[in-house]
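Novice: Pasting the feature list from TrEMBL:
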DOMAIN    116-159  domain 'Molybdopterin oxidoreductase'
REGION    301-327  region 'Disordered'
COMPBIAS  305-317  compositional bias 'Basic and acidic residues'
DOMAIN    405-523  domain 'Molybdopterin dinucleotide-binding'
REGION    559-603  region 'Disordered'
COMPBIAS  563-576  compositional bias 'Low complexity'
Amino acid sequence: ADVYTINLLKAWWGEHATAENDWGFHKLPRLTGAHGTYQTLMRMLEGGVDGYFLFGQNPAVGSANGRMQRLGLTHLKWMVVRDFYMIESASFWKDGPEIESGELSPEQIGTEMFFLPAANHTEKAGSFTQTQRMVQWRDQAVEPPGDARSDLEFMYELGRRVREKLKDSTDPRDQPILELTWDYPVNEHGEPDAEAVLAEINGEHLTGEKAGQPLASFGEMKDDGSTMGGCWIYAGVNAGGVNRARRRTPGSEQDETAADWGWAWPANRRILYNRASADPEGRPWSERKKWVWWDEEAGTWTGRDVPDFPPTKRPDDPGDPSKGGAAALAGTDAFIMQADGRGWLFAPTGMVDGPMPTHYESPESNIRNPLYEQQSNPTRVTFRDEDNLSSPGAMGAGGEVYPYVFTTYRITEHHTAGGMSRFLPYLSELQPEMYCEVSPELAEELGLEPYGWATIVSARNAIEAKVLVTERMTPLQVGGRTVHQIGLPFHWGRGESAIVQGDGANDLIGMNLDANTQIQNSKNNSCTILPGRRPRGAGRAELVEEYRRRAGLIPALHPQVDGAEGAPGAGPAVEATAHEVRGPEEASAVPTGEPSMKEMRNR
């Protein structure tokens, strides 16, 4: 809605956002294509990205096709890494796998590295928001050690210095930066007040008798410039000037709604679409589980939660479609974020594929799709690159070279790419080594010794891992054949700074994405597994290349994007560039020209 956008623009540009200049909408940068993690990586490889900031991310270990991730970083002019420890994405240039293999040397890498230590969550104030939508405030417990600083302080100081550098500029492109509201109070260490940021996100009245007062809810936002708020769903978290995310009323002092513990967006509403807890007449479906209900005498909805609709809308209100918004919905329409107020089983528009879900095999699957000839999702986003080759799978000869299925997962003792666990002694001691899980049947078939070494080879790379023989990896019977599974935790990486290190599981994985969310679409892949450790030095690349040749994958001639596209040797249907992203046009479509806010809304 315009009202929310206008309030955001007022929060960003204050007095410089007016009705006369379309609230500063023209100051916003325009889309120039897809800028997701993997699309950015492809641009890096072509030299199209100068600099990169990494805040708590470790793509050298945690992203698909780790080798390509590290190679991409070598094409940057500079990179800033903010983390607790010298993670692999900060040290790839001196101790990464490509350095060990001799493929690269530090002298060849021109990326200027800046490692800036970051404060952890106990060393800074701020908030956590979890999947219940609950915002919970945390106060700073201790000062960060040494030069460590919070992300808030870093970004504020970076912005302040950029603005100082540009202060005398008359270039129109610099004006949006100079006109930003950048006036947060700081303490003696230069740390901005996190609660001042929360207050800006909450919003406030700018004019009238309530000028200066925080917004009590998003319903107080206006589209005339008299209010501002950084994010409408958080309006109310600072109602009355009280940080409601800090509330910690014990459960013994409130009912099970726990409305006084933290604050849930929007409006401290604990259950969305809670109109559905009452029948069409507004009576609870269940007395035991009643949540909100209509009070005829008071002429309003009441109950344990904040109603997720106008509280005075009667159950028998027919609605008026001519008015639009909430007024268009009837008093029985619980799903207020849908145009018709109904719960939807699927989205009829906005999806690249669909609308109903169906089954596709993964791109490298060695099993034919049992439903129809279309093997994998035809709308997936793919990346053509000689370092992103794929097993032919069931779609052509050569798939038998990579006969096993591997998948990656997390374990309790480690966290994602290991930046917060492999540098801690007690967690490293609990799980000190990278391992692969295999079934007793596969171990016996291939001669894999428990707690010995194994080498796993995919079309992208080869890694080594200790062998864990377990019945958890049960062989599957599919289409009259046995399919063996291999399990790989993805928390390890190669770098000298961590207490424990190991080959990264994500080095084996190819890049392809879901068409709608652009999320990784390669959670299960094909591989082979051999007893013993992988070769050192250039021998690893030679091993990978040997299996590619056996499968008919010849990178110089056929940059096959994934196994589901066609048989190896046939090559792509369209000539591929060295680094090419392919997928539905909707994934990267951009508006043209300089549309106004109204024009963008109409589009």
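Glycine too: its Cβ is placed from the backbone N, Cα and C atoms.
Are these features on the surface or tucked inside, and what touches them?
Specialist: Helix, strand and coil counts from DSSP across the domain 'Molybdopterin oxidoreductase' (116-159) read 12 helix, 13 strand, 19 coil.
Across the region 'Disordered' (301-327), DSSP classifies residues as 3 helix, 3 strand, 21 coil.
Sorting the domain 'Molybdopterin dinucleotide-binding' (405-523) by DSSP state (H, G, I as helix; E, B as strand; all else coil) yields 17 helix, 36 strand, 66 coil.
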Novice: What mean pLDDT score does the domain 'Molybdopterin dinucleotide-binding' (405-523) have in the model?
Specialist: 95
